[in-house]
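Marked as transmembrane segment by TrEMBL: 12-34, 40-63, 165-185, 205-225, 230-247, 253-276, 288-312, 318-340.
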């Protein structure tokens, strides 16, 4: 797989979206504190801290693993950079620096001997793959909870300022970009798998994730209006349920026991919001059960919301929000069926494990065990 000029431009776009999302998050938290909404401000900062802390932990552990594999000692500067929350920026620096050389200056003819000993394209693609995994983690650990909170504040007050609208749009873009980028990077990292090529498969996959995610987030927001304790109990129950599922599937992503435990906890949190294949097995039935449960819970929330109307909620939003939830869920499932039925890269390979969102490649490929084995 070659690292092209288009790949380099996508890397530039990725860091632009990452920085924009970071700036907007800080802007929103400051705005909340300025307006006296300290609880919301603290929650935004907490989500940011939780997401970035997990990302830095995984990023540093991967740096250590890569250095150990190369026969080098772990450098303290990498530890310092990650403690200062600079792990992702460090990785982007390596990708842009080496990627620019490979995409614009590297000559495969003149550097043929070097390529036989060392493939610069593969190195840059591997670094891009690591970034895609880290962005996916941050999107669901930080972006999804923040988006739920932002939707809650907008619906609670019945109006929103430019900051809130910008934050919602940037969060949606960041989550959507990281999800699709991960799916593309997944396939590019596995030479024995079909690429997710073409505009329509990517767009269909994006709409499947986006609509099902939006429907669920709006449902959670409605449940928060009904009763915060019930909403938190439901989310914690689902988190615990999916953690048990991850332990039952015996994921093997990390070398150390402690990091593997953390990984399974994080996988459980991500499964609260969307489905991912956490094991290299056929996921037709687990996915079916997952979305049946999603439909039932969403339907239950809508019924309870209409039976027990909330006084603090603007009644003008009753019908539009309910229609939006139902319509987004239906559209999301339709796009899911279309994607896996007609557009999935492995749709004609019935004997192979279902490559829903995971990996199955060489042993030394880190992505092989990310959300899948």
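Glycine is no exception: its Cβ is also placed from the backbone N, Cα and C atoms.
Here the transmembrane segment (12-34) touches the transmembrane segment (165-185). Their Cβ atoms form 3 or more pairs under 8 Å, with each pair 6 or more residues apart. Non-local neighbours of the transmembrane segment (288-312) in the same chain are 156, 212, 215-216, 219, 222-223, 225-226, 234, 271, 275, 318, 322, 325-326, 329, 333, 336; each lies 6+ residues outside the stretch with a CB under 8 Å from one of its CB atoms. With a cut-off of 8 Å between Cβ atoms, the residues of this chain six or more beyond the transmembrane segment (318-340) that come close are 155, 201, 204-205, 207-216, 218-219, 222, 291, 294-295, 298, 302, 305-306, 309, 347, 356.
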